[in-house]
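See below for the structure under consideration.
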Amino acid sequence: MGSISNNSGSEDCESREWLPSGESPAISSAMFSAGVLGNLIALALLARRWRGDAGRRAGRGNSISLFHVLVTELVFTDLLGTCLISPVVLASYARNQTLMALEPERRACTYFAFAMTFFSLATMLMLFAMALERYLSIGRPYFYQRHVTRRGGLAVLPTIYTVSLLFCSLPLLGYGQYVQYCPGTWCFIRHGRTAYLQLYATLLLLLIVAVLACNFSVILNLIRMHRRSGRSRCGPSLGSCRDGSGTRRRGERVSVAEETDHLILLAIMTITFAICSLPFTIFAYMNETSSRREKWDLQALRFLSINSIIDPWVFAIFRPPVLRLMRSVLCCRVSLRAQDATQTSCSIQSNASRLTFVDTS
């Protein structure tokens, strides 16, 4: 996927059978290697966490976090997409043929375009499911405890795959069309001929907005939980703080910390996908008669593909110790302000309690 001649017209790109001279598979090979390695590392870390969580929680009867079930499904989706898409591009470079010429009747081109649209949509739907799970866990805890289960989380993956399959099969039924783009190593939805490309891009945008809205709501609820935990420190100072109330406060602080870690991880993945999807969205809404170049089309596809490479590395890099450090940095200013407010509030309540005690005595 090297440099592309700007003199090549769209019709030539759609019908060419041989790759232009000077094309190199270096970038595609690097992306494939990084994607496979990152996803395998992430799956190994998730498997280790699953075993550790199962061992620690066996005595308490708690199931493994539903959030990590969804993360595992996301990493599995990214790995599956990388392994099913990248080898087609590498085969094209190895034979010096375009996707149109790899298989008769454009089968390789159709397969590549369908797989790209399918896994991109499935990834965004997985991120939306993760954001919705966090929103229900924090914002609607009663509904979450009664209706959201680990078994339901296991059903998310086949449901998302079914929805993505139905939506991405529309070009195979005549609504939209897959075509080859320069330099001949990738195919996607035809630009400017039907509304399907704009519909696909709009769906991705709506999902991104929904994920951001869920994350924003979770942030507001976490701030409220943090303030409540700060105010609870001003509770009765006699025997009540030595029994169950202290345990409840510790549990609430642990809950806030765990939810904050999940939110940081989800926010990074969401921002990454939004950045990677932006060039594709611009590509989808640009007019066919604009001054766009084939190289811009290729860069938009690369950005869309990079997301499945970055996601597992985000999970592998942002381990619990790193998340705790980030949480401490992000919450430092809030904690200092809350501490001052709490000390002031506690002093007022303490003085009021003393005055009440003097009056009653």
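Just so it is clear, glycine is given a Cβ too, placed from its N, Cα and C backbone atoms.
Feature list (source: Swiss-Prot):
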- 1-10: compositional bias 'Polar residues' (COMPBIAS)
- CYS109-CYS187: disulfide bond (DISULFID)
- ASN6: N-linked glycosylation site (CARBOHYD)
- ASN96: N-linked glycosylation site (CARBOHYD)
- ASN287: N-linked glycosylation site (CARBOHYD)
- 1-23: topological domain 'Extracellular' (TOPO_DOM)
- 48-65: topological domain 'Cytoplasmic' (TOPO_DOM)
- 92-111: topological domain 'Extracellular' (TOPO_DOM)
- 133-151: topological domain 'Cytoplasmic' (TOPO_DOM)
- 177-198: topological domain 'Extracellular' (TOPO_DOM)
- 224-262: topological domain 'Cytoplasmic' (TOPO_DOM)
- 287-299: topological domain 'Extracellular' (TOPO_DOM)
- 324-361: topological domain 'Cytoplasmic' (TOPO_DOM)
- 24-47: transmembrane segment (TRANSMEM)
- 66-91: transmembrane segment (TRANSMEM)
- 112-132: transmembrane segment (TRANSMEM)
- 152-176: transmembrane segment (TRANSMEM)
- 199-223: transmembrane segment (TRANSMEM)
- 263-286: transmembrane segment (TRANSMEM)
- 300-323: transmembrane segment (TRANSMEM)
Inset, instruction - Give, as a single whole number between 0 and 100, the mean pLDDT over the topological domain 'Cytoplasmic' (133-151). - result: 81
Inset, instruction - Ten-angstrom check, please: count other Cβ atoms within 10 Å of the Cβ of CYS109 (disulfide bond), all chains counted. - result: 25
Legend entry - DSSP-assigned states of the topological domain 'Extracellular' (177-198) in counts, ordered helix, strand, coil: 3 helix, 8 strand, 11 coil
Inset, instruction - Write out how many residues of the topological domain 'Extracellular' (92-111) are helix, how many strand and how many coil, based on DSSP. - result: 16 helix, 1 strand, 3 coil
Legend entry - Rounded Cα-Cα span from CYS187 (disulfide bond) to ASN96 (N-linked glycosylation site), Å: 16
Inset, instruction - Determine which recorded stretch among 112-132, 152-176, 263-286 has the most C-beta pairs below 8 angstroms with the transmembrane segment (66-91). - result: 112-132
Inset, instruction - With a 10 Å radius around each C-beta, find which of these recorded positions (ASN96, CYS187) has the fewest other C-beta atoms nearby. - result: ASN96
Inset, instruction - For the topological domain 'Cytoplasmic' (133-151), give the DSSP counts of helix residues, strand residues and coil residues. - result: 16 helix, 0 strand, 3 coil
Inset, instruction - Mind checking which residues of the chain, 6+ beyond the ends of the topological domain 'Extracellular' (92-111), have their Cβ under 8 Å from one of its Cβ atoms? - result: 14-19, 23-25, 28, 172, 178-180, 183-187
